[in-house]
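Copied over from TrEMBL, here are the features:
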type	residues	note
DOMAIN	195-301	domain 'TMC'
TRANSMEM	80-104	transmembrane segment
TRANSMEM	125-145	transmembrane segment
TRANSMEM	165-184	transmembrane segment
TRANSMEM	204-229	transmembrane segment
TRANSMEM	257-282	transmembrane segment
TRANSMEM	303-328	transmembrane segment
TRANSMEM	376-395	transmembrane segment
Amino acid sequence: FGICFLLIYSVSHSFGESYRVGSVSGDLAVKVFCSWDYKVIQKRSVQLQSENIRTHLKECLAEQRLESCLSFSKKLKELVILLVAWTVSLSTVAGAAIGIHYFSEYVHQVLHEEFLKNSHAGKELLLLALPLVVSLINLLMPYLYNLLAAWEKQQSPVLEVYVAISRNLILKMVILGLLSYRWLSWKVTSSEIQCWETFVGQELYRLMVMDLIFILLDVIFGELIWRIILEKKFQSKQRPEFDIARNVLDLIYGQTLTWLGVFFAPLLPVVQIFKLLLLFYVKKVSLMRNCQCPSKPWRASQMSTIFISLLCFPSFLGASIFLSYTIWAIKPSEMCGPFQTFDTIYDSWKVWVLKLEESNPNITWFTWIHQNLFQTSYFLLLVIAMLIAVIYFTIEMIKGLRSIISILKSQIANEREDKKFLIQRLHIIYEK
């Protein structure tokens with residue numbers, strides 16, 4: 001619950017920073033005449049500020065160029081290209097999901113045969129096969145999406161990044177959803193898996209370690225080796241561009257694996273922390289030495305908002321649904337674990353509350369709260385109604401602020417016209 005509230009607060013704060021209530025008309029003029037901070041005197045700070053202003057101006061010009069009128073033939077051509085590109089990307093996602101499904105079925109069948117043969121070496125290799133295929137797909141598919149983006153030639157840099165993030169997000173979420181379904185269905189049909197909770201935790205650990213290995217390989221071969229080839233072979237000063245969308249989705253993918261596995265492998269967050277520390281320094285060195293900035297500018301504040309939003313809704317919400325279904329609806333393993341005598345994991349909480357009431361009769365109020373709030377749907381409906389009311393009042397408050405801003409703008413315009421009229425009258429009187 002604490003993580004949920006922190007994410008919601010981060011999303012709301014980030015939206016407040018990125019999308020203000022009153023958008024100023026003539027944003028380009030404001031950036032040209034009002035962006036410079038005259039308190040900055042150090043040479044490095046002056047260079048950073050000038051580069052920041054230049055990036056903002058490129059964003060504004062790119063957005064204005066996007067809004068310019070196009071002919072019907074150009075619009076039709078762009079629409080056809082977009083439809084073909086999205087058809088190809090969604091087809092690859094569907095093909096990857098189908099391939100992973102049948103490959104997991106094959107691995108499960110061969111794993112059952114190896115279990116009957118009592119071959120531990122072959123069993124360990126087979127357990128690494130599925131994480132290897134999943135990580136390989138997550139590594140190669142973004143390059144295909146980059147080719148589609150180069151073919152589309154989006155004029156807006158922000159829209160190009162959003163499209164790339166959407167395609168990579170769909171791919172990763174579909175794969176994780178399919179794997180989650182397989183994990184919860186295998187424990188029913190597999191008699192050789194005595195403790196399916198341990199099996200799921202091991203699978204998530206393998207996916208995380210394999211993801212780390214493939215990210216490091218991508219840094220070595222996709223950035224370092226490619227930069228050396230461009231410099232030595234082609235005598236080019238160009239370097240590989242830093243792929244913002246892919247790196248953002250890699251972070252979200254790793255965090256999603258952590259949230260999915262925190263119940264099955266409690267030490268998985270520790271592995272994720274060491275993984276993030278290692279990747280931070282490796283990516284930093286690779287970015288400074290092997291990569292160049294993206295050729296098209298993008299708005300950093302809005303990208304931060306998108307990152308936190310994706311971390312909250314598809315990632316955290318999906319992991320919460322998966323774990324909630326596991327706790328409330330799935331029968332635990334009968335051969336291991338502290339919940340083997342219960343029908344569901346949630347039943348252990350009920351038994352603990354009853355034993356707590358028997359041992360301490362003075363805290364019957366706690367049992368009453370548990371039975372009348374958490375075991376019924378009325379409390380959930382009350383919380384949802386309160387959230388809807390808060391959202392409604394917030395929307396109405398924003399509408400009121402926007403109307404006040406429009407009134408103030410009209411008053412400023414009227415005062416400007418009044419001053420202009422008075423100055424004209426003074427000139428006429430002075431001439432007389």
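Cβ atoms are placed via backbone N, Cα and C, with glycine included.
These numbers come from a predicted model, not from an experiment.
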Close approaches to the transmembrane segment (257-282) from elsewhere in its chain (Cβ under 8 angstroms; 6 or more beyond its ends):
176, 180, 197-198, 200-202, 204-205, 207-209, 211-212, 215-216, 219, 251, 315-316, 319-320, 322-323, 326-327
Going through 80-104, 165-184, 303-328 one by one, which has the most CB pairs that fall under 8 Å from the transmembrane segment (125-145)?
80-104
For the domain 'TMC' (195-301), the number of residues DSSP places in helix, strand and coil:
80 helix, 2 strand, 25 coil
Mean pLDDT, the domain 'TMC' (195-301)?
84
